[in-house]
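Student: Pasting the feature list from TrEMBL:
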- 5-32: domain 'C2H2-type' (DOMAIN)
- 33-60: domain 'C2H2-type' (DOMAIN)
- 61-88: domain 'C2H2-type' (DOMAIN)
- 89-116: domain 'C2H2-type' (DOMAIN)
- 117-144: domain 'C2H2-type' (DOMAIN)
- 145-172: domain 'C2H2-type' (DOMAIN)
- 173-201: domain 'C2H2-type' (DOMAIN)
């Protein structure tokens with residue numbers, strides 16, 4: 001498409017007169033489109049419409065892989081990388097790659113040691129804005145993550161997620177060796193660390209007491225997909241070890 005409208009201030013050309021007029025405002029600084037909710041103003045109407053979604057909480061861009069929705073198309077595009085695993089941004093100092101430029105920028109401070117984000121309440125400084133935002137909640141007392149089942153609120157979402165299992169009873173984290181389930185990832189990590197060194201395995205330590213009525217005629221029993229051998233005198237069952245492992 002031919003671009004017949006050229007800016008008199010620079011070499012840029014545009015396909016419509018409207019686009020040229022919007023561009024000229026970047027030189028003049030004119031911002032005729034004022035937000036009715038706050039003091040911000042914009043050089044073109046489309047930018048104002050995008051901004052208004054902050055106030056209206058409109059999220060027209062829906063993820064096709066999960067239930068999340070976004071106010072801006074670029075936010076959806078960045079989110080989709082969490083599903084595809086695409087990592088476009090590579091660190092020039094090491095081999096790490098990132099899905100978002102902001103993640104790369106935050107990572108770069110680990111090499112430079114830069115901490116440009118300063119707390120206005122104390123002397124602490126941080127390498128990224130997200131960490132500063134969490135830190136400021138210590139001063140303000142803000143706890144934005146509210147439990148829907150009780151009155152408890154938390155500073156961080158991960159703490160809310162850990163708390164929610166006390167209501168649901170869910171145990172999504174399972175040991176790949178003994179199949180023991182845990183409600184928190186940290187509990188699973190502690191379990192794995194306990195048997196990470198030495199000759200003793202969690203399989204050696206895992207025992208369970210089986211009701212007498214279930215073992216009168218049995219020498220083994222299947223529990224949660226795991227085969228146990230049973231001591232007929234004590235009714236204590238131990239996991240059968242895989243001879244081929």
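Yeah, the Cβs are placed from backbone N, Cα and C, and that goes for glycine too.
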Student: Per DSSP, what is the residue tally for the domain 'C2H2-type' (89-116) in helix, strand and coil?
Tutor: 12 helix, 4 strand, 12 coil
Student: Note the mean pLDDT of the domain 'C2H2-type' (5-32), expressed as a whole number.
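Tutor: Averaging the confidence scores along the domain 'C2H2-type' (5-32) gives 85.
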